[in-house]
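Enquirer: Below is the structure I would like to discuss, written out as structure tokens.
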Amino acid sequence: MGDKKQFRGKNPYTDRREFKSKEIKKSLVHRARLRKNYFKLLEKEGINHEPEQNGDESAESQNKSEEFKRSHIPDSRNQPSKRPMNFAERAKIAKERKEHSRQAKLKSIQDRRETIEKKSKERERRKDNLSKKTKSGQPLMGPRINNLLDKIKKDIE
């Protein structure tokens with residue numbers, strides 16, 4: 001009878017996003033507090049060191065910073081000099097791009113329609129061949145066997 005569960009408040013798992021954000025904040029605060037206490041301890045001992053990174057992490061961060069610098073510094077040897085384009089030139093280029101993309105879309109639509117049409121004609125032809133009957137009403141076996149052979153050939157390919 002004393003086994004009743006006590007009221008604990010809001011279930012932390014009802015809103016998972018809120019729970020996760022609280023958990024992340026809690027871990028960040030905990031790490032910051034640990035770091036602060038660590039530096040206080042170092043200061044008391046008289047050692048003034050900057051926080052050291054692992055060799056791998058520092059090498060990666062250096063590589064990233066060098067790549068960032070290289071990518072954002074314009075290199076006059078690799079790039080031709082760009083003169084500012086006026087409005088008419090930019091409009092012309094934009095129009096050409098739009099026309100090119102429109103042509104590509106039209107071509108893909110036409111190709112798709114052609115393939116659909118070919119497949120439907122092929123289906124219709126097969127249907128006609130398979131529905132042929134003898135004089136006595138029995139189905140013709142030749143087209144059916146050919147159909148099965150074609151299916152087997154497709155599976156092999």
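Counting begins at 1 with the first residue displayed.
Glycine too: its Cβ is placed from the backbone N, Cα and C atoms.
OK, Swiss-Prot features for this one:
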type: COILED; residues: 106-135; note: coiled coil
type: COMPBIAS; residues: 13-23; note: compositional bias 'Basic and acidic residues'
type: COMPBIAS; residues: 63-75; note: compositional bias 'Basic and acidic residues'
type: COMPBIAS; residues: 89-131; note: compositional bias 'Basic and acidic residues'
type: REGION; residues: 1-23; note: region 'Disordered'
type: REGION; residues: 44-157; note: region 'Disordered'
Enquirer: For the coiled coil (106-135), what's the mean pLDDT in this predicted model?
Expert: 94
Enquirer: DSSP-wise, what's the residue breakdown of the compositional bias 'Basic and acidic residues' (89-131) into helix, strand and coil?
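Expert: So the counts come to 42 helix, 0 strand, 1 coil.
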Enquirer: Residue list, the coiled coil (106-135) vs rest of chain: Cβ under 8 Å, 6 or more residues beyond ends.
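Expert: Same-chain residues near the coiled coil (106-135) but 6 or more away: 143-144, 146-147.
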Enquirer: Take the compositional bias 'Basic and acidic residues' (13-23) and count its residues per DSSP category (helix H/G/I, strand E/B, coil), listing them in that order.
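Expert: Reading the DSSP string over the compositional bias 'Basic and acidic residues' (13-23) gives 8 helix, 0 strand, 3 coil.
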